[in-house]
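Here is what TrEMBL says about this protein:
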- A:48-190: domain 'Lactate/malate dehydrogenase N-terminal' (DOMAIN)
- A:Gly53, A:Ala54, A:Ala55, A:Gly56, A:Gly57, A:Ile58, A:Gly59, A:Asp79, A:Asn139, A:Ile162, A:Ser163, A:Asn164, A:Met274: NAD(+) binding site (BINDING)
- A:Arg126, A:Arg132, A:Asn164, A:Arg198: substrate binding site (BINDING)
- A:192-356: domain 'Lactate/malate dehydrogenase C-terminal' (DOMAIN)
- A:His222: active site, proton acceptor (ACT_SITE)
Amino acid sequence: MQPNNSQVNRRIATISAHLNPPNYSQMEGGSGLGRANCRAKGGSAGFKVAILGAAGGIGQPLAMLMKMNPLVSVLHLYDVVNAPGVTADISHMDTGAVVRGFLGQQQLEEALTGMDLVIIPAGVPRKPGMTRDDLFNINAGIVKTLCEGIAKCCPKAIVNLISNPVNSTVPIAAEVFKKAGTFDPKRLLGVTMLDVVRANTFVAEVLGLDPREVDVPVVGGHAGVTILPLLSQQVKPPCSFTQKEIDYLTDRIQNGGTEVVEAKAGAGSATLSMAYAAVKFADACLRGLRGDAGVVECAFVASHVTELPFFASKVRLGRFGVEEVYPLGPLNEYERIGLEKAKKELAGSIQKGVSFVKK
Amino acid sequence: MMVNILSRERRCIRYTKEKGKILGRENSAAKRVDLKECEMAATSATSFSIGSTVSLGSRGCSLPQKKPFSVRFTSQNSLTSFSGLKAATSVNCESESSFLGKESSAALRASVAPKAQKPNQRSQYVLQPQASYKVAILGAAGGIGQPLALLIKMSPLVSTLNLYDIANVKGVAADLSHCNTPSQVLDFTGASELGNCLKGVNVVVIPAGVPRKPGMTRDDLFNINANIVKTLVEAVADNCPDAFIHIISNPVNSTVPIAAEVLKQKGVYDPKKLFGVTTLDVVRANTFVAQKKNLKLIDVDVPVVGGHAGITILPLLSKAKPSVSFTDEEVEQLTVRIQNAGTEVVEAKAGAGSATLSMGYAAARFVESSLRALDGDGDVYECSFVQSNLTDLPFFASRIKLGRKGIEAWIPSDLEGLTEYEQKALEALKPELKASIEKGIAFVQKQPVTA
């Protein structure tokens, strides 16, 4: 298969653009442009991303990886403690994004103004023996406050919500936005990418494949039995599993988070892999915002795929957020039973979130 | 997910041409253009190629640090066009198409590869698809160790990642093992498992130790960290004496000589494979110079020599690339800022630690450079604190060329033609650096290693 002409031409055009780059210092002619009009010093064309909860266990590696992403031009790090330290640390990295830190609720609005993408890892993590739902009370309040800020300052931003329990915090966010009149179902996404990452890793382990080459869709929600890996639909490479493998994999994917909480024995929950997955997902959102075609990821979004108001499935990301929500596709018997179980629990969690705000 | 972590694609044609002079080799940038063109097309290093695998010839997602004619990839270069018949999803943009199967992918690879491989090119570097090295991190559950481990896990050059610490490392390993990159993560806890952690390892990174608190100098950490480093390096000498050893634990000016003494006493010392990691100073210098002079960071490269504490950090602003002129105040301001940047972060964190994320990033960049050098890349240059003849001091940080056997060349050109300010600063730092080195050596000679 030979590359066709347009691809070759595109490549050549890009090569020559790099060979003769625009020389910024000459172009701007000294003090021509006021600071307000310049792109930030050393910054590249890109998007403005805010991380709310940047000094936490997920937030810190997340901030480091986002600082390294060339699609990010401005990075705002917000938290209620320790934000200046993390900002000073990250600001020394020699990549293009400009970093600013914001400490405390009084600076929340400043942190959010003008943002294109807001990532929310804020909240407390699980300890051994806890379910994601046990975090509800604390994290629900945190998410509500942060979303009120978003509704006020950057209503058009894409929101990636990580704070658990995602099954409830996403409906909470939706209700807050609805109250403020800024709800856009295309721009609110719960991050379930870590389930996909885990599914890919475990399936690759079982099949002896390169985990980069595996793609398993994971639908439903982001807690326990609501996580539904569709192993029959695993597209690349196409393969079939024995029933034992299906049971093992489904169980392991559903409890991957608990696996890490136990291994950390009280020191926290998944932070590094969550940061990795969140960055992968944020990068997909940014590529969609930039206009790339064919950016498809699983996410927990407002959805008509089932009778539930929210459901995770494959979505296509584009300039306005979620452009298309894909239906579930063919499910086998095992998955259909799993789907019913998932829907029951998910309905409860969604309702819990909605009632929290309505109260 | 292969991350081009540290491929700061830099335009280094100018440096390469100089390098050609230094090493007496002819390096035609022109020849490399061809190679790069194909490499560029072939690599999956898109903007920030998360989720991208290198398919065709698996050229490095991790582009060599200082390739001549390094190109920054924008999304247009994403390999979606090459990866198969269907539009790539973002999860695995650049993996080989499942439609084609292995034979066709191989054929596709073959059709692109020959153009890129010119057998008569001396520093021909092709990142092998199976490039796979074992890396051990001693102190992996700490503030630097965790983000460092994450970045190494994401590197396509690593097959096995061994994480060691005295506590908490099981959790970190379980966490990282869920990332869908091919490297395998193993955890080792406590002194009894240290030996197993190190067997067969190619690169050992040592961030273990305690960090500074506000008001402390790096030297205040000496007593605790000296013991930690001594113990760990003893184990390295026993289990993987041929590995590259990267020392991060402060004070680097003393812990590197400590490591050297330990290795000497064990009879396995190879001065070409012992490195003190000063990459963070280079990273900071690049950042501050780019901010000051409104340059694009991708172009900026400032060599930093001397040591890794206070005034022993000497950024050679006159040798910065691209060459810019600084006023005397700017030189003063920048030099002081670079020297105290570590303290800047310690103060900002107000007791919560010292630089962890930027240190993890810088250390990972240095590890990737080492892995590329191990893999045969002939164009790897980094600044590092090593045993050196460039000055009268036994150890000195300068730019070095890395290769399969460690340091291939110490680059003296940076130290020639210094400005007056830099010359003075160089003389001023030597006594302090000498004292730190001797402190480290004396520490080991007082308590000889257990055989």
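Positions of Cβ are set from backbone N, Cα and C atoms, glycine also.
What TrEMBL says about a protein is an automatic prediction, not a curated fact.
Listed recorded positions (A:Arg126, A:Ser163, A:Arg198, A:His222) with a CB under 8 Å from any chain B CB: A:Arg198. Looking only at the recorded positions A:Ala55, A:Asn139, A:His222, the one with its C-alpha closest to A:Arg126 (substrate binding site) is A:Asn139.
Listed in sequence order, the residues A:Pro165, A:His222, A:Ala223, A:Gly257, A:Thr258, A:Val261, A:Ser269, A:Ala270 complete the 8 Å Cβ shell around the substrate site centroid, once A:Arg126, A:Arg132, A:Asn164, A:Arg198 themselves are left out. As a whole-number mean, the pLDDT of the domain 'Lactate/malate dehydrogenase C-terminal' (A:192-356) in this prediction is 93. Within 10 Å of the C-beta of A:Gly57 (NAD(+) binding site) there are 22 other C-beta atoms, taking all protein chains into account. A simple way to gauge crowding: the CB of A:Met274 (NAD(+) binding site) has 27 other CB atoms within 10 angstroms, across all the protein chains here. The two recorded residues, A:Ser163 (NAD(+) binding site) and A:Arg132 (substrate binding site), have Cα atoms 10 Å apart. Separation of the C-alpha atoms of A:Gly57 (NAD(+) binding site) and A:Arg198 (substrate binding site): 19 Å, rounded to the nearest whole number. Between A:Asn139 (NAD(+) binding site) and A:Arg198 (substrate binding site), the C-alpha separation comes to 24 Å.
Using a 10 Å Cα-Cα cut-off from the residue listed as 'active site, proton acceptor', the binding-site residues that qualify among A:Gly53, A:Ala55, A:Gly59, A:Arg132, A:Asn164, A:Met274 are A:Arg132, A:Asn164. The CA atom of A:Ala55 (NAD(+) binding site) is located 17 Å away from the CA atom of A:Asn164 (substrate binding site). Within the same chain, residues at least six positions away from A:Gly53 (NAD(+) binding site) with a Cβ under 8 Å of its Cβ are A:Gly59, A:Tyr78, A:Asp79, A:Ile120, A:Pro121, A:Ala122, A:Gly123, A:Ser163. Other Cβ atoms within 10 Å of the Cβ of A:Arg126 (substrate binding site) number 23 in total over all chains. Note: the Cα of A:Met274 (NAD(+) binding site) and the Cα of A:Arg198 (substrate binding site) are spaced 10 Å from each other. Secondary structure from DSSP puts A:Gly59 (NAD(+) binding site) in a helix. Within 10 Å of the C-beta atom of A:Gly59 (NAD(+) binding site) sit 28 other C-beta atoms, taking all shown protein chains into account.
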